[in-house]
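Annotated features in TrEMBL:
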type: TRANSMEM; residues: 26-45; note: transmembrane segment
type: TRANSMEM; residues: 51-70; note: transmembrane segment
type: TRANSMEM; residues: 82-103; note: transmembrane segment
type: TRANSMEM; residues: 148-169; note: transmembrane segment
type: TRANSMEM; residues: 189-209; note: transmembrane segment
type: TRANSMEM; residues: 247-265; note: transmembrane segment
type: TRANSMEM; residues: 271-289; note: transmembrane segment
type: TRANSMEM; residues: 338-362; note: transmembrane segment
type: TRANSMEM; residues: 382-403; note: transmembrane segment
type: TRANSMEM; residues: 415-435; note: transmembrane segment
type: TRANSMEM; residues: 447-470; note: transmembrane segment
type: TRANSMEM; residues: 528-550; note: transmembrane segment
Amino acid sequence: MGETQVKTAHPKGLWVLFGTEMWERFNFYGMRALLTLFLVNSLLMKEEEASLIYGGFLGLCYLTPMLGGFIADRFFGNRNCILLGGLMMAAGQLLLFTSGAIFEGNLSLATTIMYCGLGVIVFGNGFFKPNISSMVGSLYPKQEKTKLDTAFTIFYMGINLGAFLGQYICPMLGDVKDSGGIRDIHAFKWGFLAASIAMLLGTTLFYFLKNKYVVSPEGRPLGGLPSKNEAADFEEGEAQTANFSNTALTVAGLAFIVLGFIFHYGVGQNLIYTLIYSSGIALAGLIISDSSLTKIERDRIIVIYIVSFFIIFFWAAFEQAGSSLTFIADNQTDRNFFGFQMPASMVQIFNGLFVVALAVPFSVLWDTLRASGKEPISPVKLAFGLVVISISFFMIATQVSYIGTSGLLAIKWLILLYFLNTCAELCLSPIGLSLVGKLSPKRFASLLYGVFFLSNASGYALGGTLGSILPATGDKFVKAKELGIDLQAILDKTVTPTAEQLALLDKHQISATNHFFAGFEIHNLYEFFMVFVVLTGIAAIVLFILTPFLKKMMHGVR
Ligand code: GLN
């Protein structure tokens, strides 16, 4: 389809939503790029602690959309929720700005304010994210639903254009080092302020343009209060909501509590991770036990669950971007990019950049394959995404094995990693979203999207746990040497550290022991990355093996 045709074919409201979401993602990804570095350098946390907070924060950002979607449907409507969510996120960023401004005088107050800021952003994101996505769907009347794939491709480009801009501007302002490589730990706040301003811009844009452009083909405003009964406008996420019996809700509630105990006390997960995992499983159980489901509907829902389970491993690997990969970029990478010394937090910008470049070619690829009858079914595309990310982590594992604890990784390898991860993302993320839409019975669609997002959330939480087993990078060995400590010998247990040495290492946020995953000790960066290769590789193989069964259970849906 030609450029002009696309422009005229899509309602102007799509561009308003595109712009609003672009500024929102600027705020989200720009802040996210700085977050872990801020926690470590200004709030003096250990890297593993920062990774856990980062994973928990991202996980919660994908848990609250359930709440935001529910509140919009029942009480406030999409528009109000977008405005409320936008303002909350801008306020949350201001709290992070405050934390970044006062940490030196009062570390514990700054830490509390940081947690409050993240909390406000989590809820703001929950109000904003599901409602803006569902408004994209509602811009198109039933007879124009065929345009939805392109509409979502355009929207996904808006998301990533915003991510790209945010990950350029916020690191430029907030992740600053002098010519000697010494970091300005007071600069982070400017990145958070820029994120806040971007969010305000997006909210203002939406506020002023919504009535004119975000309208139905007949010119009626979309996404108003639910009591005004706009069901007719919402052909996508329509008002046929599920009605569960009180018994089913009680059983689900009890299951949630029991699962909570198991994850918290049995598996040792923290409360936030427990909340994410337990609510995902309890909600999935609630839907599948509904007696109104036919056999075909139930089969299709099971496919959604199976797919949701496998993509957990994808996001756990993918979201190393803002934690372990940023720490490696910061501590053991030559970030010279054609003469420009790239800030560590900016390296993930390549993801957004590659999405913007590749989203259209990928959708053309699927169209071409479809036209020649060779388009793979969606679970195969998802499995392919898992294969690609596994290869990507294998590539980086091999590269880090060459540099040991003293060499520097060339930035081109991280760029290649983001290129491969983006290809994998484009096989998996938009395809997964549309698959859920195609397989869900209408009355359960929003809730099944909830389950799908909860699997993203679980992936982020798992990503946080996995990020926290990152072994010491080169800078830690240099620092320990300066302190007169042989860190390698201590980690290898050939030398027992004195209490004084332990205290010294702790003061410099260096762990004196290796981390473990599933009983395996992680000795170096190679082993660390191989964990992701194995997890995503196994997930890919099992998903491939399951595809003939999934195809049957999808009953004609591709
Ligand atoms: N990058 C996309 C976004 O920010 C998708 C993330 C996801 O689905 N987990 O919306």
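The backbone N, Cα and C atoms fix where each Cβ goes, and this holds for glycine too.
Whatever TrEMBL says is automated annotation, not expert-curated.
Worth saying up front: this structure is predicted, and the values here are computed from it rather than measured.
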Worksheet entry | Remote residues contacting the transmembrane segment (415-435) - C-beta distance under 8 A, at least 6 residues beyond either end | 148-149, 152-153, 156, 304, 307, 311, 314, 317-318, 321, 325, 347-348, 350-351, 354-355, 358-359, 362, 378-379, 381-382, 384-389, 391-393, 395-396, 449, 452, 557
Fill in: the transmembrane segment (447-470) vs the transmembrane segment (189-209): 3 or more CB pairs under 8 Å
no
Response to the item:
Sequence-distant residues near the transmembrane segment (382-403) by C-beta distance (under 8 Å, 6 or more away from its ends) are 307, 310-311, 313-314, 317-318, 328, 332, 376, 409-410, 413-414, 416-417, 420-421, 423-428, 431-432, 435, 474, 524-526, 528-530, 532-533, 536-537, 539-540, 543-544, 547
Worksheet item: Okay, the transmembrane segment (26-45) and the transmembrane segment (148-169): do they have at least three CB pairs under 8 Å, pairs separated by 6 or more?
Response: yes
Worksheet item: Of the stretches 247-265, 338-362, 528-550, which racks up the most C-beta pairs under 8 Å with the transmembrane segment (26-45)?
Response: 338-362
Worksheet, complete the sentence: Maximum Cβ pairs under 8 Å to the transmembrane segment (51-70) among 82-103, 189-209, 271-289, 528-550 is reached by 271-289
Practice prompt. For the transmembrane segment (189-209), find every same-chain residue at least 6 residues outside the stretch whose CB is under 8 Å from a CB in it, and list them.
Written response: 16, 19-24, 26-28, 30-31, 33-34, 82-83, 86-87, 89-91, 93-94, 96-101, 162, 165-166, 169-171, 173-175
Worksheet item: Any chance the transmembrane segment (247-265) and the transmembrane segment (271-289) have 3 or more Cβ pairs under 8 A, given the pairs are 6 or more apart in sequence?
Response: yes
